[in-house]
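See structure below.
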Amino acid sequence: MFTVFLLVVLATTVVSFTSGRSTFRGRNAAAKASGLVSLTDRRPQCCSHPACNVDHPEICR
């Protein structure tokens, strides 16, 4: 009985760990996309500021 309990705990841990990682990747990608959209909205301010222009050359082309 104890062995079955340990197997259930292990299976639950593995499933929650792997699903948590994929969810984190999705949120991270969404956060990056959201950040790029907000930078694109501020294009004139960013492109005229040298430090921002160097950090984000993809929006100042």
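Cβ atoms here come from the backbone N, Cα and C positions, even for glycine.
According to Swiss-Prot, the feature disulfide bond maps to Cys46-Cys52 (among others). In three-state terms derived from DSSP, Cys52 (disulfide bond) belongs to a helical segment. Cβ neighbours of Cys52 (disulfide bond) (same chain, under 8 Å, six or more residues apart in sequence): Gln45, Cys46.
Cys60 (disulfide bond) falls outside any helix or strand according to DSSP and counts as coil. Summarising the annotation, Swiss-Prot assigns disulfide bond to Cys47-Cys60 (among others).
Here Swiss-Prot flags Pro44 (among others) as 4-hydroxyproline. The Cβ of Pro44 (4-hydroxyproline) has no same-chain neighbour under 8 Å that is 6 or more residues away in sequence.
As annotated by Swiss-Prot, 4-hydroxyproline applies to Pro50 (among others), with the evidence given as experimental evidence.
According to Swiss-Prot, the feature signal peptide maps to 1-20, an assignment based on sequence analysis.
Counting in whole angstrom, Pro50 (4-hydroxyproline) lies 11 from Cys60 (disulfide bond) by their C-alpha atoms.
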